[in-house]
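The annotation site 'Important for activity' is assigned in Swiss-Prot to 10 on the grounds of sequence analysis. Annotated substrate binding site per Swiss-Prot: 83, 84, in sequence order. Marked as active site, proton acceptor by Swiss-Prot: 237.
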């Protein structure tokens, strides 16, 4: 019997998920611990780093004490984590304030300050509220008494890993989301930090599969772990999500629909000619990049639909109802800009719209319009990638969009590409587990580990006739942003 396991820990926004995986890729046990989100003012989004650690300890204890783990030995741990979030600590490693998260949009002024010096892109990425550098500038300008005590900055999973090992590192796939890292030469661009008087607060850089220490002996005893559990750096949630979905080769792509939506395209050669708000990041697979587009309110839009119109229906019932409407929702379009939009517009102020409402529209049409609108927004990113010359042989769909055969076929038809669904989907936590398995030497390459662990369950082929019809609706969808940009800005001014 296989007794050795690794733990993959995914620090998300709403929860921490921990899985135990054996050498055959079987998930032996899985636990999840919910997290509190602090949103004290409009545009603010924070979490307490100490609560991440307490939730992780609780989850590991539950997992270790489960019946399924009674004869298992944890040999390694690695991490996946929500990207961009700013954690600042003093010289004792104690957080100086709550972490400012990826979806915090208070720093628009700081983004403009960076643009005034560097233009619209910095280190191959657009300058947007989600990134780490603008968050630093906000703290520096609004909380100088805190900023003056900063010894080092970290990203969320890096702080959590520090709590387990008492060693401080940051790896490439997360560092590239700060605007302070050059993804081409794998170095901090300290001259950028010097421009804004950031100071020497940079953590040491390592690869995603790098060994960074062991769980401290006192913590190992508290958690019920052996004293020799090796810890590996891990990766950003999107890089780990891609690894956990088997998306590691050129011309392979990932569509992930959670609270936000992501389209990620793997590149062996970095492409810098993108004409819009795509991100270019380092993959957790060595010497590999990925381009990424983000829909800020993907699953969030579906949650809003349920809470507002379908409080008593399940998501499955909502999707079945949507499937009963025709392609194009009988002439009803929805833009999922409930929290602004990242790709392609980079606009924190834009708001969503229903366009084309008539007295003939039903709840089924509204449900389908929301599903199609989310998918059109993801298609925006795919269009940009294709214009830059990147082909996609297939897209693996994970998250909420992979739980419905109707939505999977809709993705295939709109994107006009083969869509794959996984046999077992564990998301970024599986990617973290794979990094630990590779780091331990269970496999000679990440590729061989992925091949052993990840299996495809079903493939959806595009319907050309449906795609042609969706293209007509999409051409109208594309025009809505420019037509409503000023209108929604005016409404925000009045409302605020």
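The backbone N, Cα and C atoms fix where each Cβ goes, glycine too.
In this structure the C-alpha atoms belonging to residue 10 (site 'Important for activity') and residue 237 (active site, proton acceptor) are separated by 7 Å.
Residue 83 (substrate binding site) sits 7 Å from residue 237 (active site, proton acceptor), taking the CA atoms of both as reference points. The Cβ of residue 84 (substrate binding site) has 101, 102, 130, 131, 132, 135, 155, 177, 178 as same-chain neighbours under 8 Å, each 6 or more residues away in sequence. For residue 237 (active site, proton acceptor), the count of additional Cβ atoms within 10 Å of its Cβ stands at 31 [all protein chains shown]. Other C-beta atoms found within 10 angstroms of the C-beta of residue 83 (substrate binding site) number 27, with every protein chain shown included. Taken residue by residue with DSSP, residue 10 (site 'Important for activity') is part of a strand.
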